[in-house]
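Student: Let me begin by handing over the structure; questions about it come next.
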Amino acid sequence: MRLETLTAPLQKAIMDQYSRLLCKFDPENTGYISTEKFRTLLQRYGSELDPHKLEVLLALADNNSDGKICYQDFVNLMSNKRSNSFRQAILQGNRRLCSKALLEETGLTLSQRLIRHVAYETLPREIDRKWYYDSYTCCPPPWFMIAITIVEVAFFLYNGVVLDRFVLQVTHPLYLKNSLLYHPQLRAQAWRYLTYIFMHAGIEHLGLNVILQLLVGVPLEMVHGAARIGFVYIAGVVAGSLAVSIADMTAPVVGSSGGVYALISAHLANIVMNWSGMKCQFKLLRMAVALICMSFEFGRAVWLRFYPSAYPPCPHPSFVAHLGGVAVGITLGVVILRNYEQRLQDQSLWWIFVSMYMVFVLFAIFWNIFAYSLLDLKLPPPP
């Protein structure tokens, strides 16, 4: 039985039992016990623990160079806290893992097979996959990607009814009057840099974005959590609209492609960087299909951008938001996906990429304030 699936009182009772045992092995109350005693404790009383978690703890005891184990490290590991002790246990356990792979285990229920499938889709190390398999409880469920998709579809259907058009809505003369999309003449309305994701060029645009963000975003959220995946998605969205305001200054922006491309590019980059460890089936074929879908959607956006506009002199929406999302995905996104259950604030690359992102945002803000007037750019009239 998994420790995480036990009721709260029973889980607390098990932890209290280990606390008393650790105190017994540490009569001087130093907070540490020798690795030899710790290993004896695990072997004697480890039946209450997940077998995969026990593997990691034993490996940590075998390989700890200090010759002692801190009780707080043990508590952090048992509660799945993103800590340095967790990272140490994962690294040591990965070296010492010798039991059969999770993929070889039999007698699993449908939900357990789904969790195992998600683990192999997203995590490159076997010990990470086993730890995730034992820890995942579907509480909370992957609500962010599902909720954002429902809202996007709802706004699209509403606009379809109002405009009486579902295919290439963007060509309707009243399309630009919506208060959600980004328009260069209305760039002072800051909410538009984010809310443009609820407007799509047509059902062909919405459909591909929704399929990609559900197929990729939901499994990633199941593993890394709503906060981390939501951050990558929103950062890609904001970077997309800011990139358009710098590189394609006369064009509006619609669609969630910035966020979608941030997630997909981070996932694909993580697969490439951990190619030998990723055990998802047909990974080369699936990468090719994902790149073809992304290329098709990007090509559609480029074609639409230069297609004769239905509301001259304002052009059709820009494609540059896609590139802003990719930039976020291969920087911030990759750092997040490579650090499963580890504190991001402990990673130097995290702070480097966050700093780069903040510099870009500040540059874009000043650009939007001063560059348009300094360049004496002729913008399309407000809708």
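Quick reminder: no glycine exception, Cβ is built from N, Cα and C everywhere.
Annotated domain 'EF-hand' per TrEMBL: 13-48, 49-84, in sequence order. As annotated by TrEMBL, transmembrane segment applies to 143-161, 193-218, 230-247, 253-272, 284-307, 319-337, 349-375. The active site, nucleophile annotation in TrEMBL covers Ser257. Taken from TrEMBL, the feature active site applies to His322.
If you look at the structure here, what lies around each of the features I listed?
Tutor: Across the domain 'EF-hand' (13-48), mean pLDDT in this model comes to 67.
Nonlocal intrachain contacts for the transmembrane segment (230-247), taken as residues 6+ away from its ends with a CB within less than 8 angstroms of a stretch CB, comprise 144-145, 148, 182, 184, 187, 192-194, 196-197, 213, 217, 221, 253, 256-263, 266, 318, 320-325, 327-329, 332-333, 336, 357, 360-361, 364, 367-368, 371.
Sequence-distant contacts of Ser257 (active site, nucleophile), defined as residues of its own chain at least six apart whose C-beta falls under 8 angstroms from its C-beta, comprise Asn209, Gly240, Glu297, Ala301, Ala321, His322, Gly325.
Within the same chain, residues 170, 201, 204-205, 208-209, 212, 216, 248, 251, 255, 257, 261, 264, 268, 271-272, 315-319, 322 sit at least 6 positions outside the transmembrane segment (284-307) and bring their C-beta atoms closer than 8 Å to a C-beta of that stretch.
Among residues of the same chain six or more beyond the transmembrane segment (319-337), those with a C-beta under 8 A of the stretch's C-beta atoms are 122, 220, 224, 228-229, 231-232, 235-237, 239-244, 247-248, 251, 253, 255, 257-267, 269-270, 273, 297-298, 301-302, 304-305, 344, 347, 349-350, 353-354, 356-357.
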Student: Would you mind listing the long-range same-chain contacts of the transmembrane segment (143-161), meaning Cβ under 8 Å and 6+ residues beyond its ends?
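Tutor: Same-chain contacts beyond the flanks: 169, 175, 178, 180, 197-200, 203, 206, 209-210, 213-214, 217-218, 221, 226, 229-230, 233, 256.
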Student: Quick one: give me the count of other CB atoms within 10 A of the CB of His322 (active site).
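Tutor: His322 (active site): 25 neighbouring Cβ atoms within 10 Å.
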